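Working notes, beginning with the structure itself.
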Amino acid sequence: MTSTPELVTGTAEPQQNGKFKLEIPDIVVIVVYFVFVLAVGIWSSIRANRGTVGGYFLAGKSMTWWPIGASLMSSNVGSGLFIGLAGTGAASGIAVGAFEWNAAWVLVALGWIFVPVYISAGVVTMPEYLRKRFGGQRIRIYMSVLSLILYIFTKISTDLFSGALFIQVSLGWDLYVSTVVLLVVTALYTIAGGLTAVIYTDALQTVIMVAGAFALMFIAFAKVGWYEGLLEQYGKAVPAITVPNTTCHLPRPDAFHIFRDPVTGDLPWPGLLFGLTVLATWVWCTDQVIVQRSLSAKNLSHAKGGSVLGGYLKILPMFFVVMPGMISRALYPDEVGCVDPDECLRICKAAVGCSNIAYPKLVVELMPVGMRGLMIAVMMAALMSSLTSIFNSSSTLFTMDIWQRIRRQASEMELMVVGRVFVLLLVVLSILWIPVIQSANSGQLFDYIQAITSFLAPPVTAVFLMAIFWGRMNEQVCYLPCSTDYYIDYIISSMCFVLVVADTAVHPVYHGIFLTQ
């Protein structure tokens, strides 16, 4: 994404220099959104016990099930989900929704298998659990550093890229100014209120996201002729300009199938059932961002209730993200479904395709005045809720697992200060990361991010599963294969990442790697 994409907007009036102009009702909705978020952040910051480690990093272990469940949803649903899932849905159909549905039952495993172990161990972070389980420090430091690297170079980068893409496509705002403003607002209540502020604002943002996404879904389905119209029009969604002697312009014949051919499918069903479950277990049962919410519960029953609510909420993106992405291609095949490199460069400045603009395109074309402001608030909510979760969890990891290792006699006040300063450092790193995101090829970045995380998921999942289910497992047994596997995966992942930033023409489908784990 090297410059502002220029979309041809047909029904989004009024327009100004190729972009639609916000009307007063849209601006009012956005302002009200920010006021509500800041109000909730300030209220929860005042309400929170921020003077202790448990109060700041675990919300005093006072959370009930409903904010936990909502926070589980919004922590995982960043702006990358709206852009990435809708774009992949536009390109290949509903199978990508299995990523979301797979999380539903894995969240049940979190509440009934993993969280009871973590709570009984009395831990704040996942690396701390590994230290208590195995008795050594090296695996704790190793996992902490690895998690921080992944948060900075995958999660933060994906969210910032997706949020910037939406802002540029729909509004044409300056990338740096808009991103910095969002980061500053996000950092303010994260630093001030700790996990309490993060969870309560996440709950508010979940309501906004679900309401706005459902509104766009109903408008889009009405436009395409509901589900029957989508079935008919998606199969005909062929761009006017195609590449001779190729079939890449044709929609997949299995677009409306979740379980696809194990050989020719882009998401083979064995990978969906087995490989994806490995990745989901890592994300939902061992990742600090997710587990920290469950650890903040006032008791185990509320932790389980939060997992159940989060599982139900994860069923929804198939309907309000993936299918709208398919509708976008059906309605605008020349833009969303473009395959000719020159044409794609003209439309979205990405030669590999423009499927990533599927969701912003719907907002620009279909949403009436006032509702556009709501959808901008939805994307801001998605971006901010995900970033607050990452900032808070990264701060927890650094403070509890790394700083305490350096300063063994650190007081609670010192730990609070270090945690807040580290959030500021993450904000600065995020801003410095923007040029790399801007120059990376928008059509490849999401796929490669998933590839990198998928290479790294199996060793972590294996270590936690063996730690919980195999009593004879010790640090010597698990550390060597884990670290050896990572050395190999680091080489592969680094090569993938270099290819992304270098903007090469290579474009593998990340789903296939699930079969290689």
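Each residue, glycine too, has its Cβ placed from N, Cα and C.
Any TrEMBL annotation is an automated prediction that lacks curation.
As annotated by TrEMBL, transmembrane segment applies to 27-46, 81-99, 105-124, 145-169, 175-200, 207-226, 267-285, 306-327, 374-394, 415-436, 448-470, 490-510.
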Go through the chain and flag residues at least 6 beyond the ends of the transmembrane segment (81-99) whose CB is under 8 A from any CB in it; none is fine as an answer.
158, 162, 165-166, 213, 234, 251-252, 254-258, 260, 265-267, 272, 276, 280, 317-318, 321-326, 328-329, 336-337, 353, 355-360, 378-379, 382, 446
Test of understanding: applying the rule of at least three C-beta pairs under 8 Å (pairs 6 or more apart in sequence), is the transmembrane segment (415-436) touching the transmembrane segment (175-200)?
yes
For the transmembrane segment (27-46), I need the partner stretch with the highest count of C-beta pairs below 8 angstroms, choosing only from 105-124, 306-327, 374-394, 415-436.
374-394
Sequence-remote partners of the transmembrane segment (374-394) [C-beta within less than 8 Å, at least six residues beyond its ends]:
26, 29-30, 33, 37, 57, 71, 74-82, 147-148, 151-152, 155-156, 159-160, 162-163, 166-167, 170-171, 182-183, 185-187, 189-190, 194-195, 198, 201-202, 204-206, 208-209, 211-213, 215-216, 288-289, 292, 363, 367, 422-423, 426-427, 430
